[in-house]
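Enquirer: Structure incoming, see below.
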Amino acid sequence: MSAFPFDLVVFDLDGTLVDTGPDLTAALNHVLHRMGRQTVTEAAVRDMVGLGAAKLLERGLDATGGGTPEMVQAGLADFLNFYGDNICVHSRPYAGVEQAMDHLETLGCRLAICTNKPERMSAALISSLGWDGRFAANLGGDSLPVRKPDPLHLTETIARAGGGRVAFIGDSIVDVLTARAAAVPVITVAFGFADRPADELGGDVLIHHFDELVPALREIRLPDELNDRRGA
Ligand SMILES: O=C(O)COP(=O)(O)O
Ligand SMILES: [Mg+2]
C-alpha cells in the first residue's frame, strides 16, 4: 500500500470527536433556569453549538425570550463554572474515535484539536476522557485573538502541531468555512451538531462512522493547488 498521505490530522472537538450535547444542554439549562427562563431541548442545543460558549448562551437566551449582550456577560461565568464542574458526566467519544486515532498514530500521523470551546474546557474534557498526551496542539476559542471561522485558528493549530501535510475533520459549516479559507482539505462527519443536513456542509468527503476516516484520508482527492503546495 502506498505511503499514508497525511502527517497531521486536526480535529474539531464538540460534535466531531465527542458527543458533548447532554452536558452542554445541562449547563445551558442550569443558567437559563437561574435567569428565570424555560429550559431548551438537547435537539435545539445541537443547532446552537459551534461558535463558542458566549454564542451558545446568546442563542439559548434568544430561544427563550431574547437576551442582551449584558445578560450573556452576566450568565457566562455561571455557565462556565457549571460546565467545568460537569464536563464529562454524559459526554462520550463517538463510536470508533479511539480506534481511528490509534490507527492514525500507527500510520505516523500527529493529531491536534482546533475547537471553539474555551481552551481550559477542551483540556479538561480531553483529560477526563484519558486522552492527555494524544494531541500535539489544542487551540480553543480563546487561545488566540480570533477563532474559527477565521483561518488563523486552524493555521496556527497546524503550525504549533508541527505542520506537514494536513487534513481537518469537523462537523459544522464553521469548520468547512475555516478549512476552505485556510486551503486545508476537510472531511465532515454526519453525526455531529450541524445546523443543516450533513450532505449540504460542502466538505471534501462526508463520513458516517469513524471506521471510514482512514480510508477516506487515503482516497481524498486534493485540489491541484494543494497538491502543488505539497510538492506532490
Ligand atoms: O464550543 C463550541 O461552540 C464549539 O466547539 P467545536 O468548535 O469543538 O465544535
Ligand atoms: Mg463541532
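Numbers run from 1 along the shown chain.
Note: Cβ is positioned from N, Cα and C throughout, glycine not excepted.
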Enquirer: If TrEMBL says Asp12, Asp14 bind Mg(2+), which of Asp142, Asp150, Asp171, Asp195 does it name for the same site?
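Expert: Of Asp142, Asp150, Asp171, Asp195, Asp171 joins Asp12, Asp14 in the Mg(2+) site that TrEMBL records.
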Enquirer: Take the Cβ of Asp14 (Mg(2+) binding site) and count every other Cβ within 10 Å, whichever protein chain it belongs to.
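Expert: So the number of other Cβ atoms within 10 Å of Asp14 (Mg(2+) binding site) is 28.
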